[in-house]
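Asker: Structure provided below as structure tokens; questions to follow.
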Amino acid sequence: MTDSTSELLLPAPAKLNRMLHITGRRADGYHELQTLFQFLDHGDELRLRLRPDGEIRLTPPIAGLPDSNNLIVRAARLLQAESGCQLGADIHLTKRLPMGGGLGGGSSDAATTLLGLDRLWRLGLSLDRLAGLGLSLGADVPVFVRGRAAWAEGVGEKLTPVELDTPWFVVVHPGIEVATHAVFGAAQLTRNTPPITMARALQGGAPSWHNDCEPTVRSLYPQVAEALDWLGSRAPAMLTGTGACLFARLGSEVTARRLLADLPGRYTAFIARGLNLSPLHAALGR
Ligand SMILES: C[C@](O)(CO)[C@H](O)COP(=O)(O)OP(=O)(O)OC[C@H]1O[C@@H](n2ccc(N)nc2=O)[C@H](O)[C@@H]1O
Ligand SMILES: Nc1ncnc2c1ncn2[C@@H]1O[C@H](COP(=O)(O)OP(=O)(O)OP(=O)(O)O)[C@@H](O)[C@H]1O
């Protein structure tokens, strides 16, 4: 963060779903989940600069995504409407997270916008209020607003903070996009995993965790299955969210780097450490 009253440089970290169970389907078609969210020390970055004229300007444009649909612009306009604030912002986005990768990049960008503009515009809104605004933008936004690794239920908005192990991860993008709605709409998806308690989920720890979306994503997207097989033969590996990204859990940075160096050239990947406190909150001191 640059410590100035008119400009902030802030991280928008990735998340992983360390486990994900689908326990039911609501009347509106959305699915009831149980999941463990954790942050990574890798993500996008936003530079927010105060504008006195109320305009919200985002650079650079994201190909194929009109600004009015961009969660950053939507979050900024929502905060203006909610607070009555007449100020604006120039927002510069350094995009590092793949879109639709299951790493929550768009949701994290939205949360960084809400917390960053709250600070820049000196609004002083509570995390409860900002999380409520975030939920209207997407189910994954509240966890990024609250900034604590969490056990989540509902569609992901009922959050209980947790302390998880913080291994090193190799995060792999298999080079294809997975459509979230296609996975949730698939006939073969299991939607009846019996709900468990948070204590039970935590008790088993990482070796006991799985993602209910994985069999469906494997069969719909053979490239994901192939990448998962390759990664899983080297280290315990899983899918995050509905994919397409996969993550392998390693005991040290050295072993993570070694695995990254061995990765076939057809995949893109990065290494990162698991974090129980979001780097956004560390930067803002919240
Ligand atoms: C599965 C997770 O990655 C877990 O972190 C997220 O909940 C997905 O969040 P997201 O990518 O922001 O997804 P959204 O854009 O909200 O939803 C895309 C589509 O997935 C389906 N969807 C999503 C979340 C959910 N709990 N149930 C669903 O059925 C809906 O058809 C929805 O139209
Ligand atoms: N700032 C943004 N960055 C990325 N995507 C955005 C942004 N604003 C809106 N979107 C839209 O949101 C969609 C999902 O993007 P995101 O990167 O959050 O996916 P994801 O990593 O799969 O998230 P999740 O884990 O929540 O499923 C994109 O395909 C895009 O259309």
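Backbone N, Cα and C atoms are what each Cβ position is placed from, and that goes for glycine too.
Pulled these from TrEMBL:
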ACT_SITE  K15  active site
DOMAIN    70-147  domain 'GHMP kinase N-terminal'
BINDING   P98, M99, G100, G101, G102, L103, G104, G105, G106, S107, S108  ATP binding site
ACT_SITE  D140  active site
DOMAIN    208-264  domain 'GHMP kinase C-terminal'
Asker: So which recorded positions out of K15, G100, G106, S108, D140 are up against ligand 1, CB under 6 A?
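Answerer: Once distances to ligand 1 are taken from each Cβ, D140 fall under 6 Å.
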Asker: List the residues in the vicinity of the ATP site, defined as same-chain residues other than P98, M99, G100, G101, G102, L103, G104, G105, G106, S107, S108 with C-beta within 8 angstroms of the site's C-beta centre.
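Answerer: Going along the sequence, the neighbours come out as A14, L97.
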Asker: If I take the alpha carbons of P98 (ATP binding site) and K15 (active site), what is the distance between them in whole Å?
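Answerer: About 12 Å separate the Cα atoms of these two residues.
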Asker: Which recorded positions from the set K15, P98, G104, S108 come near ligand 2, judged by a Cβ under 6 Å from any of its atoms?
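Answerer: The qualifying recorded positions are G104.
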Asker: What three-state class does DSSP give G106 (ATP binding site)?
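Answerer: The three-state answer is helix.
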Asker: Any same-chain residues 6+ apart from G102 (ATP binding site) with CB under 8 Å of its CB? Would you list them in sequence order, or say none?
Answerer: N17, V178, L239, T240, G241, T242, G243, A244, C245
Asker: Among the recorded positions K15, G100, G104, G106, D140, which residue has its Cβ surrounded by the fewest other Cβ atoms within 10 Å?
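Answerer: Result for the recorded positions K15, G100, G104, G106, D140: minimum number of other Cβ atoms within 10 Å at G100.
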Asker: Can you grab the distance from S108 (ATP binding site) over to D140 (active site)? Cα atoms, rounded to a whole Å.
Answerer: 8
Asker: Can you count the other CB atoms that lie within 10 A of the CB of S108 (ATP binding site)?
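Answerer: Step by step: centre on the Cβ of S108 (ATP binding site), count other Cβ atoms within 10 Å, giving 29.
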Asker: Nearest by CA distance to D140 (active site): which of the recorded positions is it, out of K15, G100, G104, G106?
Answerer: G104
